[in-house]
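Trainee: One structure coming up, written as structure tokens, with questions to follow.
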Amino acid sequence: MVNPLDSVNPSHALFEGFVQAQTCKETQQNFTELCRHLQVDPKDYKHFYSKLKDRLNYWKAKDLWQKIDKRAAHPDYDQGKACHQNKCLVLGAGPCGLRTAIELALLGAQVVVLEKRSSFTRNNVLHLWPFTIKDLLNLGAKKFYGRFCSGSIHHISIRQLQLILLKVALFLGVEVHTGVAFEGLNEPSGSAGWRANVSPKSHPVADFQFDVFISAGGGKYVPDGFKIKELRGKLAIGITANFVNRHTKQEAQVQEISGVARIYNQQFFQALQSEIGVDLENIVYYKDDTHYFVMTAKKASLLKKGVIKQDFSDADKLLAPSNVNQEALQDYAFEACDFSTEHLLPNLEFAKNHKGQADVAMFDFTCMQRAESASLVKERNGKRLLIGLVGDSLVEPFWPLGTGIARGFLGAFDAAWMVRSWGKGVQPMEVLAERESVYQLLSQTTPENTSKNYMAYSIDPSTRYPNINLSSIKPRQVKRLYEAEEQESKPNKLKKPDIKAKPRKDSMKRLEELLSWCQKNTVGYEHVKVKDLSESWRSGLALCALIHSFRPELVDMSALDEYNIIKNNKLAFDLMEKEFGITPIMRPGDMMTCGKIDQLSMVVYLTQIRNALTEKDTPAAQSNTLSLSRKRSAVAFLNTLKRNSLQRHKDRLASVKGPRQQNMKEKEEKKDVKEESLSSETSACEPCYFCKKHLYVVERESAEGKFFHRSCFNCFQCGSTLRQGGYSFHSDNGRFYCELHSLAEEEEGDEGHGGAQNHTENGSKEDKNGETTAASSPPAHLSIKRKGSYKISVDPDFDESTEFPAPDQDEPPDLEESHQPPKPSELSAENTNMENQQHNINPVPAPRGSRAPLPKPRTVHNVVHEPCNIPEEAEQIPEEPKPKPSLRKLQQSEEEKVDLLSQDSDSETRGSSSAASTSSSSKQHEEEGYWSGGTTWGKSHREQRNRPCIRRKSEPPLPLTGHSQHGKMRSKFSPWNLSSPRLQQRFSVHRVPAGQSQPDQYVSEDDNEDDEDEDEEDLQAEHYLDCEGADFEFSDSEKRNLKRMKTLERKAKMTEIQRFHKAQSIQRRLEEIEVTFKELEEKGVELERALRGETGTGDPEIIDQWIELVQEKNNLLSEESDLMVASRQLELEDKQSMLEMELRRYMEMDDSEKSPEQQKHEAEILQEMLDVVDMRDSLVAFLEEKRLKEVNDQFNSSLDAKRRSTTASQVHWE
């Protein structure tokens, strides 16, 4: 508290004390003294701000008044008269509650805020979207908190944000009462209106009457009348930890971690687990008033470390305070935080919470809640009350997505717009309808799909949400949200859903329609006669006929033998899986040996086939399954990519072993024959491959010819959940692995068993091009010129089956022979072509130029001044006989190697094959705010261009030894290096000689003056300069360069954060799908048992329910496939970043300093990096081709419909 006698002008000193106050109590006390000294009454809310501004004539306050005046002058507020007759009660003085109160005060309403706590103690740090930063700056945040957003990552602690908003709210005449608990609403009685039931009862606010109530008190304070929807995922345990920030230089130099996710950075978490026993899903580190860490921990790890005393299936019991060892929790958090910052933070000490205890907490966010509606109106005794929700009460955020404050502020603006309409006398039903129309968009909002004109943001939703329809929901649809008096007297009867199937005349109609469709599309084929849904399909010819009927180029019916049942079914199953993503329901041998074909299995399989083959004939506006099969076929392609990647690794290991590889190949072939013979003896009702328990059709999953429960599909090494498109299979031991443990197991097996595992994952896999490889002599190399102008010598039989020309490739590969990779569709037909053929294709055309380019991530690059050539001797392929080459010989100039590194490793192919997809499942989960292929990841084309660079000061190269690659390397395990390797280098200011100027080539096209204006005050920040204790005078050009450098770094960090949020969104949605799958399978098993007569209730009517459930499961599979494609793109992007970082370190070393071992390791890194680039290019080309197919199918479908309508309308004259 400031003593007025200490200053010449006491009001100035009081104002300074108020602005600089760092606690809620101090802020309120200084504000009270300031008002008393200036003789202004805060309760005179209509005139308080104008009187305060007139009486406080202080130059430091003028800038703040200008900002507030500019905001208040917006037409939406109608000069503070829009709601001048309304009285509003806001529950909760959190950021969202205070932000709502500010808007209501600007509208002219009398606003009272209730807060149960007496102090602001939450040190947790919030991520800020760009518009929230601009919004807070416009409210004067920089005046109240000088370090606001001065770093490269935009964030602020909850406590500081509350203080900023509290001070603005007090200036605008908002009454804020702390230490007052809200206990409910008191309905009107007599002449009294709506009031609040509070504790203590004697508090004056208990007499406050209001007609608007805004709940911003969190999920626990949702008023009666609102229905809550719960989104369940797998058990998710979060841990937050705050450490004391002493603001030393050593602490300032520690890099923040904007987000590391296991979904694309498994090596970091593997090191964390192996070294200290801490098993996490993700971790974030922000630096603010405290060192703030937040992470998601695995239950098994917490139990093992003694953090959780006893295991319970119920999350509340599991995380109850009595079941948590606080000391063990502190140790767990300390070890994780210390390891993730590489032990660079000195003297880590926990900050204290409001109870004086260590500020470390564990919480459950397994279930996310959101309100089904955002508002309602209650009418009692002729008096109406408008109730709205904001903040966590409205939508509980998933913390790794960083959406809490952004969507919270958007919801606050939307609520203020609703109150504005209420104050202007709009009919209640219309107010509710418009509010719900806006609410439908809130959970979908991202920084990408909201308006970029942040300066134009206001409470009007049209300034924030592009193409919004404020009348999408009609007043008649929100009648339930208006509670009148007469409704209360009626009993609230809820209709229970009738879960029993109702008898219908067409109970078997679905089966008959399916059979009729099969007969229609197989009629006329020789030796094919479909009479039922079981035995007619035994030979496999009927399945091949179905495929040929729609895709004749895939099957040569004349080459099929009616009696070769296994071959026919294998061909059909393979084509269905690779072309349409439909996994087989049984082995080819089962179709020949089983006594009776299982009808339910065939119904499931044929239903998927019909959906896949007929989806292109369905109009886009009516189809719910458009492109579902193509999404799933993309996952089949991912499996091919992963198999080829693993095969290349095996071949490189095998090339060292030499002659024994041929022996291993022969043994493998014998094993394949044995496995095929064994499979033919298996019945269709075989048990789960893993647990050996009974496997019902509805719960059957398959991979690599194995059938199993979905819940049993886990990595053999670590037990992590595996999914289609994200596993590796070792055929020698029949085990499935995640990618992280697949290569490790391969290398260990090769060392321990003499190369016993150097073969493909699937023993029956043939060479993609149908070529045989001579083992006697190595073939001549081919010279290929790749993008980035680097040349690669490659053996002609090198397995390039999954590589395609990139969509934007300007010139074809310079091949000495015309060896071109096949199309994705031709990959699927490999078993069809029994002869050796070469497939000639044209490059995939680039997408239309009308598609908006994505913002360029990671725009800050380093220029390597003296790149060195890799000696060819380091990469010579052994001359001993081998089936395939181990490494491609590299012939690169200095410029070519620099060009290779200048290619950005970030993914600009955020799309998937579903860019134009309108599947119902995608739409459903867009509403929940999770990742959707049609929005955030809609761009499926990678624009190739070199990135601009910033010169970095020269540094001595770090010593790299052969041993270091097996130990703990920063480039391998450091999360920030993996996420954004270029930005971790320290920058220095280079003096520009007189008369010269630096080109502005590194300025991204979306830079603007607004970004630079806010950077002016932060130029001297120690965070950005490499000047230790020096006093610098910057020239104008240097200031411009530093501001732009800072802007680039900040934007690159934002891109990094967005990538983390996308990874977490994918992970969260995958976990929710997993829970939904389990529920569907449980229902499906009950129905299937009833259909098979196991429960004695074999009602044929249940078949409809069962088929609907199977269709719902198929839709989830399609969504999961889309997510896996996006996950794979992130994974490859991150892997390239890691390899690029390691390669740069070698290139910065002089050739003379490199040992032979280092040269060899450099060559291996470069080879692996090229493999990753190939895989990314292949995936891009595949997805682009799929997208073009979808566009073409939709176009042809619309043309056909137009032709039919034109033909029907023609008049024929006799």
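Placed from the backbone N, Cα and C atoms, the Cβ positions cover glycine too.
As the structure is a computational prediction, the values presented were derived from the model and not from experiment.
So Swiss-Prot lists these for the protein:
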type	residues	note
BINDING	Cys96, Glu115, Lys116, Arg117, Arg122, Asn123, Asn124, Phe182, Tyr292, Asp392	FAD binding site
BINDING	Cys688, Cys691, His709, Cys712	Zn(2+) 1 binding site
COMPBIAS	910-922	compositional bias 'Low complexity'
REGION	1-488	region 'Monooxygenase domain'
REGION	484-505	region 'Disordered'
REGION	649-676	region 'Disordered'
REGION	747-1019	region 'Disordered'
REGION	1194-1214	region 'Disordered'
Trainee: So what sits near Asn124 (FAD binding site) in its own chain, CB-to-CB under 8 Å and at least six residues off in sequence?
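Mentor: Sequence-distant Cβ neighbours: Ser157, Ile158, Thr240, Asn242, Tyr292, Val294.
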Trainee: So, in DSSP terms, is Cys96 (FAD binding site) helix, strand, or coil?
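Mentor: For Cys96 (FAD binding site) - judged by DSSP and reduced to three states - the answer is helix.
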Trainee: DSSP secondary structure for His709 (Zn(2+) 1 binding site), reduced to helix/strand/coil, please.
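Mentor: SS state of His709 (Zn(2+) 1 binding site) = strand.
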Trainee: Are there any residues in the same chain, six or more apart in sequence, whose C-beta is under 8 angstroms from the C-beta of Cys688 (Zn(2+) 1 binding site), and if so which?
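Mentor: Those within reach of Cys688 (Zn(2+) 1 binding site), by Cβ under 8 Å and sequence separation of 6 or more, are His694, Leu695, Phe707, Phe708, His709, Cys712.
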Trainee: Can you tell which of Lys116, Arg122, His709 has the least company, meaning the fewest other C-beta atoms within 10 angstroms of its C-beta, among these binding-site residues?
Mentor: Lys116
Trainee: What is the total of other Cβ atoms whose distance to the Cβ of Cys96 (FAD binding site) is within 10 Å?
Mentor: 30
Trainee: What whole-number Å value do you get for the CA-CA distance of Lys116 (FAD binding site) and Cys691 (Zn(2+) 1 binding site)?
Mentor: 53
Trainee: 10 Å Cβ neighbour count around Cys691 (Zn(2+) 1 binding site)?
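Mentor: Looking across every protein chain shown, the total is 12.
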Trainee: Going by DSSP, give the three-state secondary structure for Cys691 (Zn(2+) 1 binding site).
Mentor: coil
Trainee: What whole-number Å value do you get for the CA-CA distance of Arg122 (FAD binding site) and Cys691 (Zn(2+) 1 binding site)?
Mentor: 47
Trainee: Given that the record lists Cys96, Glu115, Lys116, Arg117, Arg122, Asn123, Asn124, Phe182, Tyr292, Asp392 as binding FAD, what is the largest C-alpha to C-alpha distance among them, in Å?
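Mentor: 31 Å is the greatest Cα spacing among the residues binding FAD.
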Trainee: Looking at the binding-site residues Tyr292, Cys712, which sits with the largest number of other Cβ atoms within 10 Å of its Cβ?
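Mentor: It comes out as Tyr292.
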Trainee: Give the sequence-ordered set of same-chain residues, not counting Cys688, Cys691, His709, Cys712, with Cβ within 8 Å of the centre of the Cβ atoms defining the Zn(2+) 1 site.
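Mentor: Here the non-site neighbours turn out to be Pro687, Tyr689, Phe690, Lys692, Lys693, Leu695, Phe708, Ser711, Phe713.
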Trainee: Would you kindly give the Cα-Cα distance separating Cys96 (FAD binding site) and Cys691 (Zn(2+) 1 binding site), rounded to the nearest Å?
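Mentor: Cys691 (Zn(2+) 1 binding site) to Cys96 (FAD binding site), Cα-Cα distance: 50 Å.
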